[in-house]
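Peer 1: Let me begin by handing over the structure; questions about it come next.
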């Protein structure tokens, strides 16, 4: 009997038995009615800090969406960026926009809420999207390291190996693995009995914190979570670290302008990998320890990492930096010309939208 089936037995017979283990716990006397909502404690109780965090995280969120959207549109609209590396980069920007949006907007609105709550369905949705986007990003980062490995270690075969079909296949595989990963997490979470405690010491529903509220012994579930999330993240990080070490050793043996450019690109990639995997490994390898640093790391990989990714790739990649500057310059000039030619119409949003569609959006 697998874990979900075992939990179904609990709901019917008021007992829990995990096949292959000695764990069997009766739940007599417990109220098995599922809680309808969870209470989020958020980041702080201080009203002054909440106002400060509201301003800071609002700015970070808007800049994250703008920066990643800018990279995505720039790659799609610039012909010389229609290369495998930039195709994968644009998909990373898309995932980062999704990752920063599954919980951040609610966290920002909750800063002014007296009682921060989230429905059971909303909590499950946050868990679903968190593991979908993080699982997808893990595979995509591995794909990006594979792309750099082929480009540097097998340059003569690069165009053959990294064909458009292969690139699309890597992206589809990333989303597929992410979906399968998140479904494996929800397969047992949906059937857990939440019969009382409903306070989550975080600003969103994270799986280790949620399953601790279940009215059963979660030891076996904890082992399952560590093996499917923590260990996978750790192994993926070690594989990526090994691949980048091989690439850097190869670069060291070639002192040229191209090698310098490759070194800069790989360094940017590794910074992104370290920022993403570090918090995930810490949180999911030790899932049932409540440290203050867990909140900080949660903020880091849900807000700061998606914000820093476009900055790292833009500042360390000359081609992307040049393309972004050109797009922004043309767009600003377009707006300036419009305001200068017809300042009164600026306040007519219909005229403004029509002008932007006809002139400014052609920049993209």
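From the backbone N, Cα and C atoms, a Cβ is placed for every residue, glycine too.
TrEMBL: automatically predicted annotations, no manual curation.
Copying in the features that TrEMBL gives for the protein in this structure:
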type	residues	note
DOMAIN	67-313	domain 'G-protein coupled receptors family 1 profile'
TRANSMEM	51-73	transmembrane segment
TRANSMEM	85-104	transmembrane segment
TRANSMEM	124-146	transmembrane segment
TRANSMEM	166-188	transmembrane segment
TRANSMEM	218-251	transmembrane segment
TRANSMEM	263-286	transmembrane segment
TRANSMEM	298-315	transmembrane segment
Peer 1: Please indicate, using numbers and ranges, the residues of the same chain that are 6 or more beyond the transmembrane segment (298-315) and have a C-beta under 8 Å from a C-beta there.
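Peer 2: For the transmembrane segment (298-315), the far contacts come to 43, 57, 60-61, 63-64, 67-68, 70-71, 89, 92-93, 96-97, 99-100, 102-104, 130, 134, 202-204, 206, 268, 271-272, 275-276, 279-280, 283, 321, 324.
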Peer 1: Mind checking which residues reach the transmembrane segment (124-146)? Cβ under 8 Å, same chain, six or more beyond either end.
Peer 2: 85, 88-89, 91-92, 95-96, 98-99, 102-103, 118, 170-171, 173-175, 177-182, 185-186, 189-190, 204-207, 210, 229, 232-233, 236, 239-240, 243-244, 247, 269, 272-273, 276-277, 280, 301-302
Peer 1: Can you name the far-off residues of the same chain, 6+ from the ends of the transmembrane segment (263-286), with a Cβ under 8 Å from a Cβ of it?
Peer 2: 85, 92, 134, 137-138, 141, 144-145, 148, 152, 206, 208, 225-226, 229-231, 233-234, 236-237, 240-241, 244, 247-248, 251, 293-294, 297-298, 300-301, 304-305, 308-309, 312-313, 316-317
Peer 1: Do any residues, 6 or more residues outside the transmembrane segment (85-104), come within under 8 Å Cβ-to-Cβ of it, and if so which ones?
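Peer 2: Counting only partners 6 or more residues beyond its ends, the transmembrane segment (85-104) has Cβ contacts under 8 Å with 57, 61, 64-65, 68-69, 71-72, 75-76, 126, 129-130, 133-134, 136-137, 140-141, 143-144, 147-148, 151, 167, 170-171, 174, 203-204, 265, 272, 301-303, 305-307, 309-310, 313, 319-320.
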Peer 1: Can you check how the pLDDT averages out over the domain 'G-protein coupled receptors family 1 profile' (67-313)?
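Peer 2: In the predicted model, the domain 'G-protein coupled receptors family 1 profile' (67-313) has a mean pLDDT of 84.
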